[in-house]
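Visitor: Got a structure here, written out as structure tokens. Questions coming.
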Amino acid sequence: MDVNPTLLFLKVPAQNAISTTFPYTGDPPYSHGTGTGYTMDTVNRTHQYSERGKWTTNTETGAPQLNPIDGPLPEDNEPTGYAQTDCVLEAMAFLERSHPGIFENSCLETMEVVQQTRVDKLTQGRQTFDWTLNRNQPAATALANTIEVFRLNGLTASESGRLIDFLKDVMESMDKEEMEIVTHFQRKRRVRDNMTKKMVTQRTIGKKKQKLNKRSYIIRALTLNTMTKDAERGKLKRRAIATPGMQIRGFVYFVETLARSICEKLEQSGLPVGGNEKKAKLANVVRKMMTNSQDTELSFTITGDNTKWNENQNPRMFLAMITYITRNQPEWFRNVLSIAPIMFSNKMARLGKGYMFESKNMKLRTQIPAEMLSGIDLRYFNDSTRKKIEKIRPLLIDGAASLSPGMMMGMFNMLSTVLGVSILNLGQKEYTKTAYWWDGLQSSDDFALIVNAPNHEGIQAGVDRFYRTCKLLGINMSKKKSYINRTGTFEFTSFFYRYGFVANFSMELPSFGVSGINESADMSIGVTVIKNNMINNDLGPATAQMALQLFIKDYRYTYRCHRGDTQIQTRRSFEIKKLWDQTRSKAGLLVSDGGPNLYNIRNLHIPEVCLKWELMDTDYQGRLCNPLNPFVSHKEIESVNNAVVMPSHGPAKTMEYDAVATTHSWIPKRNRSILNTSQRGILEDEQMYQKCCNLFEKFFPSSSYRRPVGISSMVEAMVSRARIDARIDFESGRIKKEDFAEIMKICSTIEDLRRQK
């Protein structure tokens with residue numbers, strides 16, 4: 001079918017075609033190799049923005065540190081990190097004046113959270129720097145390793161299960177003269193492979209104990225590992241992101257809880273809400289500015305961009321904010337919240353894997369780890385890398401760079417939003433005391449500023465005042481990248497506003513298509529994505545119908561399940577034809593079994609099994625959904641499952657879809673090749689956790705599952721539960737006397753073993 005693309009736009013207002021200009025089709029770019037160069041860029045840039053600050057030396061680690069706070073006021077438009085403490089505190093005071101009691105209430109809410117949060121909160125999240133192994137690990141493993149090592153050193157407060165008690169352990173660990181850790185090491189040996197009779201290198205992982213002195217431990221506790229941010233669209237250069245360790249994570253969580261609670265009460269904050277709720281918030285601010293500007297005033301909107309938001313923020317400023325926000329609160333609470341910014345003021349950025357070199361004729365390859373960069377001869381490097389290394393050398397300690405100023409990406413999104421909103425708050429007429437006034441929206445580093453004034457000069461004056469106020473708080477509005485329009489047309493966090501929000505449909509494109517989980521989930525996710533886009537993103541009925549047809553086609557090609565009466569030959573077509581011929585009611589066959597598609601845009605909300613149930617042959621029903629059929633997935637499937645869909649920007653978000661357990665909801669097995677790598681020890685740990693958790697769930701089925709109260713360990717809880725259950729079963733005659741005696745004996749044996757250990 002030939003379509004002339006210009007015809008598509010004849011009836012479309014230009015602003016609705018915005019989505020065709022977004023770089024969202026095709027695969028996003030991924031980074032390869034090491035992030036060392038990007039991390040060095042970040043460290044060097046951050047120091048450059050604050051270069052006129054004061055240098056000091058950290059007494060514990062000996063790391064040189066740059067403090068730009070209350071530094072010189074800017075003389076030009078170059079980005080700088082010289083925030084002024086008194087200005088930040090005053091902005092906070094004005095924010096509180098406009099919202100009486102906001103800080104007080106948020107502190108009370110947070111205090112409650114602090115006392116109730118459990119350690120397992122820290123298992124959420126992806127990669128975490130594991131300080132015991134000096135590399136990244138999944139969050140749950142890193143937490144377990146940390147707690148294991150703490151226990152080895154006599155720090156056991158975290159066994160209560162409360163996060164706040166784990167943080168007490170962290171604080172105490174910093175005072176210890178030495179920490180004993182369990183770390184992994186690799187042994188390589190050459191062995192002859194039985195099958196191929198060739199010599200192969202076999203790696204084994206062993207565990208060994210090692211002692212860290214106070215300085216080494218503190219350096220590790222303050223270290224953020226860095227990786228390259230993947231899949232960023234519309235950018236030529238990659239950039240580095242930070243993965244903090246377990247010591248920092250818990251403290252950051254509480255600070256962000258407080259900041260989130262404040263953001264929820266601020267109408268100018270684009271966080272923590274999202275989607276339609278965020279659009280409603282935005283529309284309210286715009287409406288307010290438009291109605292007030294009626295005939296007498298002009299109203300203009302800046303689509304704002306800040307230069308290097310993270311690299312000019314400063315943890316010391318966040319400490320000042322927290323000190324102010326919590327000023328009437330109990331001492332313990334203030335201490336807990338001030339630790340995160342203090343740790344960030346003393347942070348070390350790990351430079352990642354280092355550089356890979358290969359000789360001209362590609363014969364030799366060698367890895368130069370980051371630890372060696374401080375001493376290696378620089379003639380091997382090209383000019384740009386040489387400059388980077390020279391610049392960063394004075395800051396290096398053990399392969400990590402001292403990085404006191406700057407925040408690293410994604411750490412204090414909520415708190416930095418509070419800082420941004422405090423400037424927007426200063427735009428009220430009673431504060432500006434002039435003819436112009438402003439309001440706007442802030443979401444992390446993204447902002448939209450609406451300025452009202454009687455004439456153009458007033459607008460200009462308002463923008464200038466906003467710009468200068470930002471500078472005083474360490475925020476640098478980019479004059480090159482921000483642009484101004486009559487209010488009614490602007491962009492904020494990729495929402496395009498033109499007298500109402502324009503659907504930016506291209507952003508959703510990556511989530512269309514077959515996810516590749518399994519036949520059952522993929523069908524469900526595919527139709528749910530289409531349904532959601534009809535609700536939220538102006539996907540019209542005709543386009544939705546077409547999307548559905550394309551999806552079904554894609555699905556059939558992916559799983560080779562073309563209709564039973566098709567001519568297409570695939571690996572599965574023989575089986576599918578056989579099933580088709582022996583089925584009486586062909587409409588009842590699932591698409592993945594070669595059946596017809598019964599979906600249209602009216603019934604997308606119904607899972608396919610339910611949609612076709614009445615049409616199925618009874619023996620087909622019996623095979624498809626019979627719990628005794630070994631191929632029906634026996635995972636306890638909730639009625640709602642979560643899939644991860646990739647929107648075009650921001651983190652992968654989870655989307656709910658209906659799940660019906662059938663023979664098609666299989667779960668693929670783990671790839672075995674991991675068993676031969678250095679990760680094997682970790683895998684064994686993970687399997688051990690899995691087994692323990694499964695066992696625990698057998699004793700405490702979810703219906704009766706209350707969090708164990710008191711400080712009993714998992715084993716103690718299970719033993720006492722086993723005794724109670726056995727007694728009940730024995731007294732009601734469900735088990736014989738011999739069985740009861742046997743169970744009691746096993747329980748006693750377990751307790752004896754625990755005592756001996």
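These residue numbers are counts, starting from 1, taken along the chain as shown.
Using the three backbone atoms N, Cα and C, a Cβ is placed for every residue, glycine included.
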Visitor: From 34-42, 187-195, 673-681, which range did Swiss-Prot mark with motif 'Nuclear localization signal'?
Guide: 187-195
Visitor: Quick test of your reading of Swiss-Prot: among 249-256, 409-416, 417-424, where does it put region 'Promoter-binding site'?
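Guide: Based on what Swiss-Prot states, region 'Promoter-binding site' spans 249-256.
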Visitor: Within the region 'Promoter-binding site' (249-256), count helix residues (DSSP H, G, I), strand residues (E, B) and coil residues, in that order.
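Guide: The composition, in the requested order, is 8 helix, 0 strand, 0 coil.
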Visitor: Can you name the far-off residues of the same chain, 6+ from the ends of the region 'Promoter-binding site' (249-256), with a Cβ under 8 Å from a Cβ of it?
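Guide: Tertiary neighbours of the region 'Promoter-binding site' (249-256) are 110, 113-114, 117, 121-122, 125, 128, 163, 166-167, 170, 318, 322, 336-337, 339-341, 343, 411-415.
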Visitor: List, by number or range, the same-chain residues at least 6 past the motif 'Nuclear localization signal' (187-195) whose CB is under 8 A from its CB atoms?
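Guide: Sequence-remote neighbours of the motif 'Nuclear localization signal' (187-195) are 201-206.
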